[in-house]
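Feature list (source: Swiss-Prot):
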BINDING   236, 273, 316  protein binding site
BINDING   270, 316, 319, 325, 334, 398, 412  2-oxoglutarate binding site
BINDING   319, 321, 398  Fe cation binding site
DOMAIN    269-414  domain 'JmjC'
REGION    1-107  region 'Interaction with RCCD1'
REGION    148-169  region 'Disordered'
């Protein structure tokens, strides 16, 4: 039998059958619907890859899809991300889809499913939705056919569960009793919250809002590894995003945990501001959108949900966001400082456009000769603990430092 007609993975014929049912039966039923901004040569190459797939020429399809990925990758990495045309992101997703499917038709390797998952994650991270979110459906099938993984690793302190392993190089929690604390309320009525906090733009910690969320009982380092360990995610490397040596990289959740949480890494790694729950619906089922978001003007699907996962010592410099924000703490604690938008002059925003929403001041070690007004600016502070939901009004300056291994979920809404 020729290489192009390789049988499905040995012992995994059901995998191929399940994957194949996700696509239309006939080639002409698979609509690419590419826009005019996609080069004709690339569009033709993608159509050729689709034709090879439906003809059963897996190796040829694999080569064509990789060429499509090479072309579209260049387009995705030319200029600012906001300027990348969505059509090129769709082309990239189609390339990832075809490559992942072809990999599952190749001769069996122990890493086949893991590699196909990585390819799908690249499409989810860098591409755009195609064929009614087919990449998410492919991932769901692949995950059911994964071989049982290794037990989540323990850290250097083998006598402690991994969830209790934490780096010791971060400074201790400030004594917030000496500072002006953020007020706390337990599940206030919607209209009370609106009248006293949302409309006037006042921060508040809401207790009890997330008590019923499954994540509050289920999530641990081991659980996150079991659900998401093999998934590829973006990781920030460096103490804070304003530092010159700050960078971003892609790695699996398992690699992130091993390198930055269970090991004494030289650098700080942070899975920050990532829409993890769109990528991994299994985790999304463990959380809920706070009822208070219904007081906004937007629709529920317009709410941006981000994950913030990292070791002790991660820092988000003092900055402001344009939308209302609920920050829910699931694991660990965070020290947070808040400054009113009225104090913008005293927090010395960067003058460059790209960092205009970020302060130049190192909040816990300020250079008062360079930034003399900062010491006079009033602020609120708090220690956010598991189950707490902090309301951060739009444009409110906030600084965040994790005191423990930490997982937070933010909801940005209008």
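Each Cβ is built from the backbone N, Cα and C atoms, and glycine gets one as well.
Ranking the binding-site residues 319, 334, 398 by other CB atoms within 10 A of the CB puts 319 at the bottom. With respect to Cβ neighbours within 10 Å, the binding-site residues 236, 321 differ, and 321 shows the lowest count. Cα of residue 334 (2-oxoglutarate binding site) to Cα of residue 316 (protein binding site): a span of 11 Å. Cα to Cα, residue 270 (2-oxoglutarate binding site) and residue 316 (protein binding site) are separated by 10 Å. Counting Cβ atoms from all protein chains shown, residue 316 (protein binding site) has 20 others lying within 10 Å of its own Cβ. The Cβ neighbour count for residue 325 (2-oxoglutarate binding site), using a 10 Å radius over every protein chain in view, is 21. Considering only the binding-site residues 236, 316, 321, residue 412 (2-oxoglutarate binding site) has 321 as its nearest partner by CA-CA distance. Secondary structure of the domain 'JmjC' (269-414) per DSSP (helix as H, G, I; strand as E, B; remaining residues coil): 31 helix, 58 strand, 57 coil. Residue 398 (2-oxoglutarate binding site) is 9 Å away from residue 321 (Fe cation binding site) when you measure Cα to Cα. Contacts of residue 273 (protein binding site) defined by a Cβ separation under 8 A and a same-chain sequence distance of 6+ are given as 306, 308, 410, in order along the sequence. Least crowded of the binding-site residues (270, 412), judged by neighbouring Cβ atoms within 10 Å of its own Cβ: 412.
Residue 236 (protein binding site) sits 21 Å from residue 325 (2-oxoglutarate binding site), counting Cα to Cα. Residues 236, 273, 316 make up the record's protein site, and a Cβ search at 8 Å around their centroid adds 241, 270, 272, 308, 314 from the same chain. Separation of the C-alpha atoms of residue 325 (2-oxoglutarate binding site) and residue 316 (protein binding site): 15 Å, rounded to the nearest whole number.
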